Amino acid sequence: MSLLKIYWRAMQYLAVERTATITMCVASVLVALVTLAEPVLFGRVIQSISDKGDIFSPLLMWAALGGFNIMAAVFVARGADRLAHRRRLGVMIDSYERLITMPLAWHQKRGTSNALHTLIRATDSLFTLWLEFMRQHLTTVVALATLIPVAMTMDMRMSLVLIVLGVIYVMIGQLVMRKTKDGQAAVEKHHHKLFEHVSDTISNVSVVQSYNRIASETQALRDYAKNLENAQFPVLNWWALASGLNRMASTFSMVVVLVLGAYFVTKGQMRVGDVIAFIGFAQLMIGRLDQISAFINQTVTARAKLEEFFQMEDATADRQEPENVADLNDVKGDIVFDNVTYEFPNSGQGVYDVSFEVKPGQTVAIVGPTGAGKTTLINLLQRVFDPAAGRIMIDGTDTRTVSRRSLRHAIATVFQDAGLFNRSVEDNIRVGRANATHEEVHAAAKAAAAHDFILAKSEGYDTFVGERGSQLSGGERQRLAIARAILKDSPILVLDEATSALDVETEEKLKQAVDELSHNRTTFIIAHRLSTVRSADLVLFMDKGHLVESGSFNELAERGGRFSDLLRAGGLKLEDKQPKQPVVEGSNVMPFPVKGAVA
């Protein structure tokens, strides 16, 4: 993307506040025109002194214009600051909202810290560009576009000096941009690596401390910082060279203006006041050209991070739904997968031609080896991504024709990892339904067998649970996850084997809460333990993305197929004469002992 396109796209974010932006632009143009008039008036003051004429009138006009310029500059600075701050926060919030709608696979591939770093650095760069655009860039362009014609009307010969100076600045800027483009992109990559390392080590600080990795991780950060310096310094060298060349050109131009002016005055071809005006023009032009050079430096520096941000914005924009999309209402829970196919890009994994039907209130257990496609089915149900072929219908409605918001409102999920926020207990439960009353929150906690342990905490329901629930035990975290699902009270329930990671005693305590939660709801269980599937109305055995077997527990157990093999491998005897089989390699189903069996 060219530098001009990057700049233009950055400015488009200001269109949300069109009136305020136009006001700032008009004010900036006025400031530029007033600034341009100052050297002319100052030259007239000097000429009046030289001619011993009326000094008061031009001096008063010059002072009045200067006072207006000061007030206008304050107005522009104040308005530009406020507008730029508002838009930075606005863009950050809008982009954040789109980011958290992206599928989990997208975040896993990109990296959470990478997306966060891109967002923060890009919005900071946008803020700087917006602020400088309203404060300086626009006034600089207007001043330069007006200054040369005005100067040419006064004296063509002296104007050539200013034109040559402008050409030199442009040539130096183009040279440096060409030399630093790749280097600045490399700098941005090193910034990401450094930030990712910091984020990674801090999020795993317990491992760092436990394994005495503090010194080694700090040294690794030093190495990343050194690599960043090594990439940054060549870029800085080019800009330092540009600054020196620009300063040399501007100084030489001032000398030429003074020499030519003195020569023309002695020859009677120019007045002293006109020479003073041209000196003011030269100083003004040098200042504006320096601002342009700084602007180019800022834009080139921001180029890589803004390009990455725009790519991220384009990727997330594809997830936006039309405003008039229909909602899914009055869900009963009849679910049909009709020849559903989805394959992950460049992976060869997915689900293929999967068909089954679930009646309202039925429980479906999904089992199979790791990577079989169990979670993919659930993600398709929740429209984390849409099928490449086939369709998924809820109560006869294709899920692609309804809003994701209404679809997910109809589905409550209890993950194996509870996924708690660093907020109070009540706030975490209220994730299920934001407008729930205190009484409803407490009722959900009681139904999840969580009320007693919550009251035992020092601050009860106001107790903060720590990052990802670190201040709670595994059982306590899961009970809060179940409580928020109860509070959501959705007709469709997804259980990612919510108790499989718990000890037997804690699991038994939660079983009743889970059973109560799934009662009279269409329930999907991603099963990691065979004991979970016994009461399921429908068992789906997935392998390599295909639905290999489906039926009730007893039907599949007696069929003698893959599911039956899995039962034997887990230690369950269908018949006394059948020997115990080894565990199926790659299976996600955890064997459990049979009562009375010898281990």
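Yeah, the Cβs are placed from backbone N, Cα and C, and that goes for glycine too.
Swiss-Prot annotations:
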type	residues	note
DOMAIN	21-301	domain 'ABC transmembrane type-1'
TRANSMEM	22-42	transmembrane segment
TRANSMEM	55-75	transmembrane segment
TRANSMEM	156-176	transmembrane segment
TRANSMEM	248-268	transmembrane segment
TRANSMEM	276-296	transmembrane segment
DOMAIN	335-569	domain 'ABC transporter'
BINDING	GLY368, PRO369, THR370, GLY371, ALA372, GLY373, LYS374, THR375	ATP binding site
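Mean pLDDT for the domain 'ABC transporter' (335-569) in the predicted structure: 84.
Every protein chain shown contributes to the tally, and the Cβ of LYS374 (ATP binding site) ends up with 26 other Cβ atoms within 10 Å.
Within the same chain, residues 3, 35-36, 38-40, 42-44, 46-47, 132, 136-137, 140, 143-144, 147, 150-151, 154-155, 158, 161-162, 165-166, 169, 172-173, 176-177, 242-243, 246, 250, 253-254, 257-258, 261 sit at least 6 positions outside the transmembrane segment (276-296) and bring their C-beta atoms closer than 8 Å to a C-beta of that stretch. Within the set of binding-site residues (THR370, THR375), the lowest number of other Cβ atoms found within 10 Å of a Cβ is recorded at THR370.
The recorded stretches the transmembrane segment (55-75) and the transmembrane segment (22-42) share 3+ CB pairs below 8 A when only pairs 6 or more apart in sequence are counted, and are therefore in contact. Ranking the binding-site residues GLY368, PRO369, GLY371, GLY373 by other CB atoms within 10 A of the CB puts GLY371 at the bottom. Within 10 Å of the C-beta atom of ALA372 (ATP binding site) sit 25 other C-beta atoms, taking all shown protein chains into account.
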